[in-house]
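Notes to accompany the following structure.
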């Protein structure tokens, strides 16, 4: 039996006494007692039952009323993280990690180690910025699904969390058949449909991370056989101004289902935001390359780290990589954002109506809107017209970094807010750098991502010239702070008006 060495951080790191134990089953581990602050929902929506025979609750697929619109939907990648400190991280060997996953999943770790993860990081950050947020994804009728449902509700996120019908229902066209073959010849009976995805976040004493989940082993997609989403999920996507997804979506759903959902959302006015994430390493050839190309083409905004940009494009320079994406034949993206960690971020924006370039001209701004022309991008002639782009760079906010998990997800929430609100690129990057920086000052993701008060404090620091870039970029941070406060005030006013109307109607 695999013996797992678990390690508790010192009091300075986690608030617990230093202790270590050796266990075959990591049960009863007290790790992080997580915050569960109250959060007032922006809308009160009655729950409807969808799927499952779970006797503990009426399982949630909470559809929005037809007249309600949301700002952004987090599409797919719903998981619960179980944070497990370990003496040392496991090796990369696939067999050892498979054995580790089997051992960890035999018995649930203590609830104090649980936190929502995946796209939940993005959605919590977006909700705290004042956006109306909904989720469309899949969780099971198990204790982890119940936990996630509770957290999403508490953060004001409207959850549609069973896009795969329950196995207990009569077979429907969207369901898995009773015995499908997997790529390796094994058969599946829809075992994942009632199972919430768990990602074990393994943390060593130096705060380095490793992740272990079903995503790593397949067979992919985990929800194979779903050709389209159910009606309630489709209605939520149609109500959205923006849809955010990442490369993990193709570990869950077939290409056909993702394409149909995104195309339909676009036709109803949504902008697609795509972050290929670490799964881009697996999306360089074959069907998964087709999946990557699909979302690069459909997205209005593409977000990548420097390393991901290098993997996707083969280019070392982040600006050249961003221009490469915009120059793709058929690309409809308006922004490409490259996250550069401590160096801040850059945003390459299309400034004309054409789709691609053969000798792409670009400009670079310094955060004040001053642009200088650069040379061509060097892409091959695709027969399309020239696309003029501008590139904005903005320095990072200065923070004491405790943990980088969730920083990119929360950064993306701010980019969505800036884009759908029509903010300039430099102002959007200022907010995104502040939100990402605020998340880095805490430990863990989920409910531990950026809080509004910390974001406003970092924007204030940037407005005083305390961020990288100094006074030269201070105006961008000051404008971001001003617009964020205006947005929050406006949304609060609308909520109060809505409550008054509801009270009047009830009277």
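Just so you know, the numbers here start at 1 and follow the chain as drawn.
In case you wondered, yes, glycine gets a Cβ from its N, Cα and C as well.
A quick note: this is a predicted structure, and the numbers were derived from the prediction, not measured.
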Range annotated as region 'Disordered' in TrEMBL, from 135-161, 162-188, 189-215, 216-242: 162-188
Which listed span TrEMBL calls region 'Disordered', if the choices are 290-321, 322-353, 354-385, 386-417: 354-385
For the domain 'Carbohydrate kinase PfkB' (396-447), residues assigned helix / strand / coil by DSSP: 33 helix, 0 strand, 19 coil
Secondary structure content of the domain 'Carbohydrate kinase PfkB' (235-349), with strand meaning DSSP E or B: 60 helix, 27 strand, 28 coil
